[in-house]
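*Asks:* I am attaching a structure below and will ask some questions about it afterwards.
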Amino acid sequence: MTPPPASAWTRSKPPLLRFLDTCLNEFSAETSGAVADYIPELGNADPAYFGISLATLDGHVYEVGDSRVPFTIQSMSKPFVFALALDLLGAGRVESAIGVEPSGDPFNSIRLNSDNHPFNPMVNAGAIACTGLIYDSKGAEAFEQIRLALSRFAGRDLAVDEAVYSSESQTGDRNRAIGYLLKTNAVISDNVAAVLDVYFRQCAVLVTARDIAVMAATLANRGINPVTGEQVMSAYAISRTLSVMTSSGMYDYAGEWIYRIGIPAKSGVGGGILAALPARLGLGSYSPKLDKHGNSVRGIKVCEALSSHYDLHMLNRSDDARNAVIADYDIGKSPSRRVRRAQEREILAAHEQEVRIIELVGTLSLSAVDYVSRRLAGRPRPQFVIFDLHRVTSTTRAGARLVAEAFEELAALNVTVVLSGVRRASKEWNTLREWTAELKNVRDFYLLDTAIEWAEDQIVYRYGGSIDFHETTELAEQPLLEGLSADELAELGAICTIRTYQSGAKILTTGDPADALFFLRSGAVHVTLPDGVRLATLTAGMAFGEMALLEQTRSADVFADMAATAFEAPLKDFERFREQHPRASERIMRNLAQLLADRLIVANAKVDILTST
């Protein structure tokens, strides 16, 4: 079989982009429907236009077809203006004027509910009322507030199509009738003309399918624009907006839409459809021909295909909470990388179940945290529980609240909680600390190994051990030199020089010649790879740079954790010593093999934990 050329790799398309291409090609043949002409300027749209865009929550945007062709946002502005009103005015004010129930009527129905309020903010009556509330608050600045909000959702500055605005204003008598109905029932202020002028302008804002996809993804991302990273609206406003979109976003087709497609969506008579699947993606499409409900014919087909092909119906979700735990073990199965002395090892071996480590992955949701808390209670009570979160991608507020309640229970049982793998500047940390800030039994370390090392130290202290970093360990006590005679040790000592290092000093550098090995005399050092991964923490009595016996260049960096001293043995002198003392040489290499084997056993144990949980 002839392999494909190298250029084929660079020309290959991601699966989602290929899917959108397929939709574009297949549905371009769909010619049913008609361009909206009750607003004359909209009737000038080219019915052949067809563009699709999909934005992911990590900020990537796929585009096919006429995705950059501008068109007016029309009713797709409604969810964003509703969210703006909730944040600007508060839910109480907005909900006192606008309902949230489906109407079952066309979008431009001149009818109110039994309380003489609009049924919901997705029909024209509700949208005009929403704009009116903002006008009452901001006056002449109302439209600019709305335009800026829409621009923040899109991630770029949006303008108005003045021709469409003028056309809407000239033919907007039905909306004027709705406006005066709202005024009669005290839903909006006396200045109906000014409110409608703002409404006509907001509907005439120019967007593209790409803009709509990014705006939809911002809704799906709890109000955070995935392209710009800006928190555009509060999570509260977004969740309420998505709720109304789900029940009423597609007007009198809303029930059929949620039954068949199951993604919160909003359409506009300009030919656009936006669909926002929470925590997943945002979709924007543009095709001017509409069906009898005022929805883009091709746009609906794209949404149907996406939902069906990838099984995206929001009520058909699977989330097995058991998948939240990637590893669950104690320090007997996977201790820290600190090389311990015999006394410390004995204490830790006797109390290995006192430190429990649970490594988590994915989303800390309510169901995931509940499962973890029950799993934790299924084994004997430890003194320390370490939750490693570096694989956690998000934390829900419900999950964070349940975390806090679980931590409170652990505090009552005198269990110390240690968090690792989450930076204090991160969104996940802020979500967790919102609920756990008052708890006194919670500590945090960024590195899991540092967290385990700290917990091990506490166990050593609690059970009568000591860790004296200032204690000196002479050559005779070095494990790598175990078994050497007094004469051999004396001769080896003669070739060594005692080096002193300040805290933070870099002792060895990756890639440098391996021309010496070191025996740590006092203090502590840590060994890391160039990417920052910590391989080991060493205390007095441990060797480092010993791989010089096997390698010609350094394969890791070594830093002093505190003031430290070490015996430095130049490699050429050490090799001469080994040649002159073959028995000692054989003993040293046997000790080295044992040290390497011990490290391999620890590494294999961790691999076994991660693959068997």
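Using the three backbone atoms N, Cα and C, a Cβ is placed for every residue, glycine included.
Pulled these features from Swiss-Prot for this protein:
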type: BINDING; residues: Ser75, Asn124, Glu168, Asn175, Tyr199, Tyr251, Val269; note: substrate binding site
type: BINDING; residues: 480-595; note: nucleoside 3',5'-cyclic phosphate binding site
type: DOMAIN; residues: 345-457; note: domain 'STAS'
type: REGION; residues: 33-315; note: region 'Glutaminase'
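I'd like these features described in context: how deep, what's nearby, how far apart.
*Replies:* Sequence-distant contacts of Tyr199 (substrate binding site), defined as residues of its own chain at least six apart whose C-beta falls under 8 angstroms from its C-beta, comprise Ala127, Ile128, Thr131, Asn175.
Proximity of Thr510 (nucleoside 3',5'-cyclic phosphate binding site) to non-local residues of its own chain (separation of 6 or more, Cβ distance below 8 Å) is seen for Leu529, Pro530, Arg554, Ser555, Ala556, Asp557, given in sequence order. According to DSSP, Thr510 (nucleoside 3',5'-cyclic phosphate binding site) is assigned to coil rather than to any helix or strand.
The helix, strand and coil residue counts that DSSP assigns across the domain 'STAS' (345-457) are 57 helix, 31 strand, 25 coil.
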*Asks:* What is the nearest of the binding-site residues Val525, Ala540, Ser585 to Ser75 (substrate binding site), using the Cα of each?
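*Replies:* Looking at Cα distances from Ser75 (substrate binding site), the smallest one goes to Val525.
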*Asks:* Minimum Cβ neighbour count within 10 Å among the binding-site residues Val269, Leu480, Ile495, Val525: which residue?
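*Replies:* Selected from the binding-site residues Val269, Leu480, Ile495, Val525 on minimum Cβ neighbours within 10 Å: Ile495.
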*Asks:* Based on the record's binding annotation for substrate (Ser75, Asn124, Glu168, Asn175, Tyr199, Tyr251, Val269), what whole-number value in Å is the widest Cα to Cα distance?
*Replies:* 20
*Asks:* What three-state secondary structure does DSSP assign to Val525 (nucleoside 3',5'-cyclic phosphate binding site)?
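*Replies:* Note: Val525 (nucleoside 3',5'-cyclic phosphate binding site) is in a strand by DSSP.
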*Asks:* Helix, strand or coil by DSSP: which one applies to Pro570 (nucleoside 3',5'-cyclic phosphate binding site)?
*Replies:* strand
*Asks:* Roughly how many angstrom lie between the C-alpha atoms of Glu168 (substrate binding site) and Ser585 (nucleoside 3',5'-cyclic phosphate binding site)?
*Replies:* 93
